[in-house]
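Record features (Swiss-Prot):
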ACT_SITE  D34  active site, nucleophile
ACT_SITE  E214  active site, proton donor/acceptor
BINDING   N33, D34, Q52, W60, S95, R162, D163, E214, W300  substrate binding site
SIGNAL    1-18  signal peptide
Amino acid sequence: MRAFLALIFLTFVMNVESSRPLMAFTPSHGWMNDPNGQFYDSKNELWHLYYQYNPNDTVWGTPLYWGHATSKDLSTWKDYGATIGPDRDEDGIFSGNIVVDHNNTSGFFNDSIDPRQRVVAIYTYNTEGSQTQHVAYSLDGGYTFEKYEHNPVLDVDNINFRDPKVFWHEPTNQWIMVIALSQQFKIQIYGSIDLTNWSLHSNFTGGLFGFQYECPGLIEVPAEGTDESKWVMFIAINPGSPLGGSSNQYFIGSFDGFEFVPDDSQARLMDYGKDFYAFQTFDNAPKESGVVGLAWASNWQYANLAPTKEWRSSMTLARQMTLASRNMNPETKVLSLLQKPIFGESVVAANKISKRNITGQDEQAVKIHKNSTGTFSFDITFSVDSSKNQTGQLQVISGQNGESIRAGFDPTAGQFFVDRGNTSGLKENPFLTDKTSAYVEPWKHQNDLPVYKMFGVIDGNLIEVFLNDGIATLTNTFFIPGTEGLEYLEIESSSDAIHIVESEVKELKLRATS
């Protein structure tokens, strides 16, 4: 028998709309997909999020808008609905981003507009026969926009040319755009001094193919424990990713303002779950916040079928990104992305229980009862003695109808997993993969035993698991029809092979903030 560690989440039958995530952003109604245009307003200390939005239905379709939401802390959101719309109902405002044009390089602003709120959107305008890049600017800090009268600003006569990500590159004193020639598997890099006139600098090709590339990003990311940083290129794949359907890959390298050169030939996956796509970072983020971004928590294989009512799709929690050198196996250590979830000041623990030194024979458990929000976090550090081969489980359980979402660790294989096979929502869909998994080396060794860390968040119908301080992550949605969410949560270990060094469970809620 193999020693086995698992988390099980069971649910109480209530109302499907109650499965809406509490902290991860969802639209108040309608359809949502890619995050767009994230930026930080340093004047009002406010995070802005835009998103692909169909307010007229809960499936993708035209006319497609940018929706808009804001947050003081990246956890409590205010939704404003449609913000930028197409000129015709059959067209769409596709993905792009927003920059803060502090120095008015575009010439769109006069002195009455605070430099911290000179907001310019760069996006793909989609018609039946073309994809071109357009610009719009805001005179009120990002709530309404005026379209540039000389659009498009970039047209290469290709119907699969989309998703610009623009940022200011200080060393070369220019704006940089990365954009996908999607079905050529090519990321083009352009430069501009004014956001309206663009020159091609170079092309980046590489990585896992799939069907096409989308939603690229390029940003400088600090390396933990050093004063150094590296550039990271993000590329989304859909369909045909190695995990099935949609996923994100990334590359670590150098950028001189003209060309991105990866350090190695490896394409790294950003997340090992099925529901993490179109990741983008926030422009103008405060230095103390670091590199902050989020992704769409869905997969194009089944996104239009998710069994929610008035709304469809959520974002992930916001994540802080750093780089660190970590072992991929006992012989090789490489620089990799670390992802840590961000909890704003509005997130508080309605209940919290911590326990240490739990073994299977102790038959101890950590329990939180009568949950009112359906939102939990769990933080577990455990060691594994592979010489003891008794089955064991670490469980989070809630009663009544027997459906469950599980997360866990198999010490024999040395791999973590998320299992949503015991949920009935979309159960017959062949693409709603039951199980996803990730391999990581031990976080450390103590008393000659491997030690692992697993932190997780269950937020409505979304689970995000962060392994060994975020060296690997697993993000999955799950659908239990008629569920309110978790009624209570329990952690227990029943195997001599697994020793829980420490554990903490929190029932989370949001409090009002100023």
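Glycine residues also receive a Cβ, built from the backbone N, Cα and C atoms like all the rest.
Annotated features, which come from Swiss-Prot, shown on the structure.
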{"residue": "N33", "record": "substrate binding site", "DSSP (3 states)": "strand"}
{"residue": "Q52", "record": "substrate binding site", "DSSP (3 states)": "strand"}
{"residue": "S95", "record": "substrate binding site", "DSSP (3 states)": "strand"}
{"residue": "D163", "record": "substrate binding site", "DSSP (3 states)": "strand"}
{"residue": "E214", "record": "active site, proton donor/acceptor", "DSSP (3 states)": "strand"}
{"residue": "W300", "record": "substrate binding site", "DSSP (3 states)": "coil"}
Rounded Cα-Cα span from D34 (active site, nucleophile) to W300 (substrate binding site), Å: 11
Site with most surrounding Cβ atoms, counting all protein chains shown within 10 Å, from the binding-site residues Q52, S95: S95
Packing count at D163 (substrate binding site) (other Cβ atoms within 10 Å of its Cβ): 28
Among D34, E214, the one of these active-site residues whose Cβ has the fewest neighbouring Cβ atoms within 10 Å: E214
Neighbourhood of N33 (substrate binding site) by C-beta distance under 8 A, where only residues 6 or more apart in the same chain count: Y51, Q52, W60, A278, W296, S298, A303, S313
Sorted by sequence, non-N33, D34, Q52, W60, S95, R162, D163, E214, W300 residues with Cβ within 8 Å of centre, substrate: F94, C215, A278, W296
Cα-Cα distance, maximum over N33, D34, Q52, W60, S95, R162, D163, E214, W300, record's substrate binders, Å: 17
